[in-house]
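Asks: So TrEMBL says this about it:
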- 120, 233, 509, 510, 538, 549, 550: FAD binding site (BINDING)
- 446-501: disulfide bond (DISULFID)
- 277-291: domain 'Glucose-methanol-choline oxidoreductase N-terminal' (DOMAIN)
- 1-24: signal peptide (SIGNAL)
């Protein structure tokens with residue numbers, strides 16, 4: 001009987017773990033300076049050209065526009081008014097949309113882990129679970145940032161996009177379970193990164209509307225900023241006759257394919273700033289001739305600067321989760337509670353039927369149409385296989401979709417990989433390898449994190465949200481049997497937490513590196529070896545800040 005029920009819930013588990021994201025508040029302001037790139041002149045001139053209107057690019061553009069002319073180029077569209085970009089109650093819409101116009105561009109790392117990169121104004125803040133938390137004081141000191149200026153910049157961001165979440169019974173049970181499991185002290189609600197258990201901020205307001213980095217453009221000077229959407233930058237232009245190359249312009253194409261050029265005006269402080277994210281920034285540097293010379297020549301790219309560290313030291317915080325079916329209805333909640341452990345693992349949680357189902361029985365990320373069936377090789381993705389999967393879903397009891405996830409991600413991580421070009425087209429995904437758990441310390445942190453989750457599941461405060469007949473090993477095996485990645489599986493992952501971590505590793509979309517401080521850029525984020533070029537985004541991070549990087553990326557842009 002119990003085994004049959006476990007199989008029932010296991011069958012329901014296909015694809016449900018990929019839940020973290022979509023975007024934006026529908027009641028958005030209209031900005032007169034946001035235009036479609038098709039309306040742009042063939043040639044234009046600005047004090048600053050920012051490539052990438054994401055989590056760093058938007059606050060950066062708003063800030064620079066106060067005293068300069070700024071062009072912000074974004075390859076995606078607007079988060080405002082898009083029917084596929086909605087509020088918390090429809091969470092998951094963008095990540096389950098693989099179409100060319102989706103704000104989420106899917107990619108699969110060479111490790112076999114399914115991932116996504118942003119393609120929308122507001123960037124990753126449109127695709128995440130909304131958790132808002134600052135970096136630790138130790139992180140800020142290690143990065144060499146002015147602590148007072150960082151604090152002031154966090155406050156500037158928080159005026160627009162950060163809120164205290166409304167705690168429901170399920171999240172409260174996770175919080176109390178963490179405390180019983182020994183993740184102490186209870187730090188209450190705070191944006192600060194403090195060891196123990198806390199309730200963090202969220203970029204969802206009380207009406208369930210998402211507020212993204214794009215909202216920070218409300219503080220821009222309309223006379224100083226031009227934002228062009230559907231503007232894909234193909235390369236940065238360099239003058240190479242002086243003692244070292246000087247960036248002086250970019251070539252971009254609009255949605256119709258028409259080519260445009262934007263140049264820097266004459267001025268000692270004028271710069272091109274790349275804020276295209278941990279994949280896009282190293283990719284664009286390489287496409288522009290700044291990168292490992294041998295790789296560039298293999299793609300017939302003229303070498304402007306042989307910089308072998310571009311695309312190196314790539315990392316992604318591995319995430320591992322356990323799905324816990326609940327005998328009681330649970331609230332729809334994204335990440336609210338976090339346990340910041342002493343050993344370097346962060347415990348978080350999310351819940352609600354909308355991760356698996358909907359009144360229309362379309363199943364969101366659970367959908368065989370657009371969800372995890374996409375991980376099946378194309379030759380096996382037959383109409384018959386699709387029809388069988390849809391029939392299975394339609395025959396399931398809605399209770400199967402009731403429950404939530406308790407997940408852990410490790411700080412750091414220590415393991416690193418690399419990024420390489422596949423093609424010369426900027427819209428094509430590069431090849432990226434993260435080498436999850438290559439370093440034993442990362443794997444040990446995962447094991448300790450899963451062990452803590454087990455204690456939370458078996459805790460007294462969480463007991464009412466767990467079926468008595470479902471043991472933690474059964475929950476582990478149910479999770480391990482779901483096709484959450486493309487990796488080969490061990491026979492019985494619950495017998496070894498090391499195997500469970502390796503078998504069920506996923507992304508939490510906190511990948512970083514590729515243009516790190518000290519390797520590619522200096523401590524002022526200037527690209528070493530060239531002039532008038534900086535990189536400002538998560539590609540410069542040596543480690544991912546806090547339990548979620550978005551607050552710190554927005555702060556850095558400011």
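First residue shown is number 1, and so on along the chain.
Cβ atoms are placed via backbone N, Cα and C, with glycine included.
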Asks: Residue 120 (FAD binding site) to residue 501 (disulfide bond): how many Å between their Cα atoms?
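Replies: About 32 Å separate the Cα atoms of these two residues.
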Asks: In sequence order, which residues at least six apart in the same chain have a CB under 8 Å from the CB of residue 550 (FAD binding site)?
Replies: 55, 124, 125, 128, 131, 132, 203, 213
Asks: Measure from the CA atom of residue 549 (FAD binding site) to the CA atom of residue 446 (disulfide bond) and give the result in Å, rounded to a whole number.
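Replies: Between the Cα atoms of residue 446 (disulfide bond) and residue 549 (FAD binding site), the distance comes to 19 Å.
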Asks: Determine, to the nearest whole angstrom, how far the Cα atom of residue 233 (FAD binding site) is from the Cα atom of residue 501 (disulfide bond).
Replies: 38
Asks: What same-chain residues, at least 6 away in sequence, bring their CB to under 8 Å of the CB of residue 549 (FAD binding site)?
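Replies: Within the chain, residue 549 (FAD binding site) has Cβ neighbours under 8 Å at 510, 512, 538, 541.
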Asks: Measure from the CA atom of residue 509 (FAD binding site) to the CA atom of residue 501 (disulfide bond) and give the result in Å, rounded to a whole number.
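Replies: Counting only the Cα atoms, the answer is 17 Å.
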Asks: Minimum Cβ neighbour count within 10 Å among the recorded positions 120, 501: which residue?
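Replies: Lowest Cβ count within 10 Å among the recorded positions (120, 501) is 501.
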Asks: Neighbour count first, Cβ atoms within 10 Å, every protein chain included; then name which of 233, 446 tops the list of recorded positions.
Replies: 446
Asks: Given that the record lists 120, 233, 509, 510, 538, 549, 550 as binding FAD, what is the largest C-alpha to C-alpha distance among them, in Å?
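Replies: Answer in Å: the longest Cα-Cα distance is 25.
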Asks: Within 10 angstroms of the C-beta of residue 509 (FAD binding site), what count of other C-beta atoms is obtained when all protein chains are considered?
Replies: 23
Asks: Could you check the binding-site residues 510, 538 and say which one's CB has the most other CB atoms within 10 Å?
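Replies: When each Cβ's neighbours within 10 Å are tallied, 538 tops the list.
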Asks: Taking all residues of the domain 'Glucose-methanol-choline oxidoreductase N-terminal' (277-291) together, what is their mean pLDDT?
Replies: 98
